[in-house]
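What follows is a single structure, written as structure tokens, with notes after it.
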Amino acid sequence: ALEPLSVGLAIGVASALTGYLSHPRFYCSYVECCPRAGQRLNATALKAQLDNRLFGQHLAKDVVLKAVLGFSNNPSPKKPLMLSLHGWAGTGKNFLSQILAEQVHPAGLRSKFVHLFLATLHFPHHDQVKLYKEQLQNWIRGNVSACPSSVFIFDEMDKMHPGVIDAIKPFLDYYEEVDGVSYRKAIFIFLSNAGGDLINKAAFDFWSSGKRREDIQLKDLEPLLSVGVFNNKNSGLWHSSIIDRNLIDYFVPFLPLEQRHVKMCVRAEMTARGYVVDEEIVQAVADEMTYFPKEQKIYSDKGCKTVQAKLDIHEDL
């Protein structure tokens, strides 16, 4: 027979061990947990990531850094954070959304609290818009219920069928709750090539007038973007109630990249691969890119999108 003292001790040890193993700090070191209420982003880490990994985008860095930190530090935001990123391919839109996702949830795009939607993959058929809208609402409702600080990224917005994205309008609006769920801690990000031509023209106009691209301000582009995207049938936001209700907090322009920025991308990729940076190779890769306008050849027409592939053929060097 077991002594009462021994039984009591065993129960006490088991209870203490169970309590320790179930403590959030221990449990969350092995299983991904939703960030605690009031947990703030690391401003220094976010700024360092943007400075070291995103090139030629002074506007996007400044706007997103201020917007995200202000949102994170607000204990009671009135609505979710809604960012719409615009610019040509290869300028850094996906890169920035990944950096942001990693700062909110360390697993980044692998996190169960970060959700990436591709228009051509998840919403391919124009005759199923109604079904997509229902599915999208159910998906967002379920995931925000599980983690209030969920991140939703919608890529290829310029290929989204008109009307689909309006399904999320109730979740972006100024409501305390919708059907018992608060969405005010969530982050929504749109990625789109729509408006890229407007941004490129504005950048070229600055260059033509002898002004530095770093002097371009958000006020020079944001009004053009909001109106241009709203009236563009290929934007995914054509006549959208989301724009009509002013629910997008910032239209973030991504400027076309110059050769000097392409070189930065090449150096960063070489460093990431563990190579010694060779400026001859950096120049060779940059020279293999194509640039526009045809006469001036200022901007890379693919940004940094093909840098990795271009560098592959120089690996033996």
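Cβ from N, Cα, C; glycine included.
Heads up, TrEMBL stuff is auto-annotated, nobody curated it.
Features as listed in TrEMBL:
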| type | residues | note |
| --- | --- | --- |
| BINDING | Gly87, Trp88, Ala89, Gly90, Thr91, Gly92, Lys93, Asn94 | ATP binding site |
| DOMAIN | 257-312 | domain 'Torsin-1A C-terminal' |
Helix-strand-coil residue split for the domain 'Torsin-1A C-terminal' (257-312), DSSP-based: 30 helix, 5 strand, 21 coil
Non-site residues, in chain order, whose CB comes within 8 A of the mean position of the CB atoms of Gly87, Trp88, Ala89, Gly90, Thr91, Gly92, Lys93, Asn94 at ATP: Phe95, Asn193, Phe254, Gly303, Lys305
Overall pLDDT of the domain 'Torsin-1A C-terminal' (257-312), taken as the mean: 95
Neighbouring C-beta atoms (10 Å sphere around the C-beta of Ala89 (ATP binding site)): 15
Those residues of the chain, 6+ apart, with a Cβ under 8 Å from that of Thr91 (ATP binding site): Gly56, Gln57, Phe254, Leu255, Pro256, Leu257, Gly303, Cys304
Candidate with sparsest Cβ neighbourhood (10 Å radius) among Gly87, Gly90, Gly92, the listed binding-site residues: Gly90
For Lys93 (ATP binding site), the number of other Cβ atoms found within 10 Å of its own Cβ: 27
